[in-house]
Amino acid sequence: FSHDSKKLASASNDETIRIWDAETGKYERVLEGHSWSVSSVVFSHDSKKLASASYDETIRIWNAETGKCDRVLEGHSSKINSVVFSHDSKKLASASNDKTIRIWNAETGKCKQTLEGHSEWVNSAVFSHDSKKLASGSKDKTIRIWDAETGKCERVLEGHKQSVSSVILSHDSKKLASASYDETIRIWDVKIGECKQVLEGHSHAIDSTIFSCDSKKVASGSWDKTIRIWDAEMGEYEQALEGHSWSVSSVVFSHDSTRVASASPDKTIRIWNAETGKCERVLKGHGWIVNSVVFSHDSKKLASASYDKTIRIWNAETGKCERVLKGHSWMVNLAVFSYDSKKLASGSKDKTIRIWDAETGECEQVLEGHSDEVHSVVFSCDSKKVASGSYDNTIRIWDAETGDCKRVLEGHTNWVKSVVFSHDSKKVASGSWDNTIRFWNAETGQCEDVVPLDRHVNVLSFTPDDRGIVTNHGVFALIDGSQSRAGPAMPWQYSEIPILDCIDSTWVATAGNDLLWLPPECRNGTVTVSGSTVAVGCQSGRVVFLRISMADVEQCMDI
């Protein structure tokens, strides 16, 4: 991903790099020039440049906007395995099978340093966050720490029994984590070169590792199809929930936070104990991928929405399917209960919303009007209104009893991904892929304010007093209680409102601050939050609980 999350770059054995629009999935350009497989591709931290490494022994620097090749960096005498920008985007480092690392000037393409010392292939290289140091991992089973300015080797870290596949420095540059084909991760003290922890548990080679923002946790990804999250101080790993035979498409907490439900393309829903991680129920019945799952507000029922065009209502205690709701003509994206748990609303790719009696399963209303799929549906707190957000860039407000469309809210210039009512049902907030939050008067349909942000936004809820809006970028104050005017971002403070969220499927974050980097297996999954606990549904089928202490969050944010 580019660092603004708008673009995606892929490297292929077909000798090309492709740049994609991460929002639409459309590919924008093909970068051609390499004469052998492209092994690594990376955006600069300002997202303006792209660097690629190839088995043709060259690095190419590209203009990420135009696709023009600005520089061809030559000097390595064998395959290049990885390339990385420094955090100030001024330098570039490449690791090669010629047993060297080269540091390049990213502007001129000139080689500034050739780092020699490894006796085998160099698999990985990474800059420290201040760009002053470089760490490298090699097939010779060692890690080396280098001065990125002078090229001098400051430390040789020995201990792994097989090839070192990945190295990463902590954000304060005091620790280093290394992953190896010997199935272990090692945590090192960079200053003295001492191994502080050996993390054992994977059953196959480990390909990747990363530190959390506070440097207290480490995540690792392995050929054993698992990710593990470890305490970097104690060497213990936190629980990972196994059971799904495919990826996890949706996870949600019960309203009392005691359970988690997960949905999967394996056609099942699983109910987990949020404290012990034990799977309490496996709900089977859907005939195709389950898109989403939601608890009723009394936590007694569960509803699941599926590609099989149905919604199922389950008893959350026994796991018994109580109702199968049929009527949609295309896959159902989501379902949501009313606050009194008596009704259910569903949004579908067939462009409609359906309102159902949650007890009998009878369809009471079919709401038609959107010109594209419906991706967000919510009841007002009094259960009298329904708001829907669509890929047609609009929000519609409906009468939940009659099915009449009361208002069409227009103004967003891209997909509407989330919509919420205030607790008094008088206001609506919407989050869009146009990188804005809009505040609307639910009675008149008037847009009362627009908050521009620098990335996609999900509105999660209004604060209990309706004087603020909780988003995945933090909490925004409403200046005047009578008007939906968005004020400056409120200082971060702990509350029961879920202020942790997952940004672009890559970081667990709060108030725009990155807290915990998710390993690749988790990124295309789904995330749900309850207080300070985050549940991540992974592509492997695992559900991972991350319990983030508020003290650690405050320390990370320098509060």
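Positions of Cβ are set from backbone N, Cα and C atoms, glycine also.
Residue counts for the repeat 'WD' (1-30) by DSSP state, with H, G and I taken as helix and E and B as strand, are 0 helix, 15 strand, 15 coil. Summarising the annotation, TrEMBL assigns repeat 'WD' to 1-30 (among others).
Residues or ranges marked as repeat 'WD' by TrEMBL: 31-72 (among others). Proximity of distant same-chain residues to the repeat 'WD' (31-72), defined by a Cβ-Cβ separation under 8 Å and at least 6 residues beyond the stretch ends, is recorded for 1-4, 6-7, 9-13, 15-19, 78-85, 87-89, 92, 94, 96, 104, 106, 108-109.
Here TrEMBL flags 73-114 (among others) as repeat 'WD'. Remote same-chain partners of the repeat 'WD' (73-114), defined as residues 6 or more beyond its termini with a Cβ less than 8 Å from a stretch Cβ, comprise 39-46, 48-49, 51-55, 57-61, 120-127, 129-131, 134, 136, 138, 146, 148, 150-151.
Mean pLDDT for the repeat 'WD' (115-156) in the predicted structure: 94. Residues or ranges marked as repeat 'WD' in TrEMBL: 115-156 (among others).
The annotation repeat 'WD' is assigned in TrEMBL to 157-198 (among others). As a summary of secondary structure, the repeat 'WD' (157-198) carries 0 helix, 25 strand, 17 coil according to DSSP.
Annotation comment: TrEMBL describes 199-240 (among others) as repeat 'WD'.
As annotated by TrEMBL, repeat 'WD' applies to 241-282 (among others).
Remote same-chain residues near the repeat 'WD' (283-324) are listed as 249-256, 258-259, 261-265, 267-271, 330-337, 339-341, 344, 346, 348, 356, 358, 360-361 (criterion: CB distance under 8 Å, separation of at least six residues from the stretch ends). Under the heading repeat 'WD', TrEMBL lists 283-324 (among others).
Remote same-chain partners of the repeat 'WD' (325-366), defined as residues 6 or more beyond its termini with a Cβ less than 8 Å from a stretch Cβ, comprise 288-289, 291-292, 294-298, 300-301, 303-313, 372-379, 381-383, 386, 388, 390, 398, 400, 402-403. Feature annotation from TrEMBL assigns repeat 'WD' to 325-366 (among others).
Note on the repeat 'WD' (367-408): residues 330, 333-340, 342-343, 345-355, 414-425, 428, 430, 432, 434, 440, 442, 444-445 of its chain, located 6 or more positions outside it, place their CB under 8 angstroms from a CB of the stretch. The annotation repeat 'WD' is assigned in TrEMBL to 367-408 (among others).
For 409-450 (among others), the entry in TrEMBL reads repeat 'WD'.
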(message) Applying the under-8 angstroms CB criterion, which one of 115-156, 157-198, 409-450 scores highest with the repeat 'WD' (1-30)?
(response) 409-450
(request) Sort out the residues at least 6 away from either end of the repeat 'WD' (115-156), same chain, that have Cβ-Cβ distances under 8 Å to it, and list them. (result) 81-82, 84-88, 90-91, 93-97, 99-103, 162-169, 171-173, 176, 178-180, 188, 190, 193
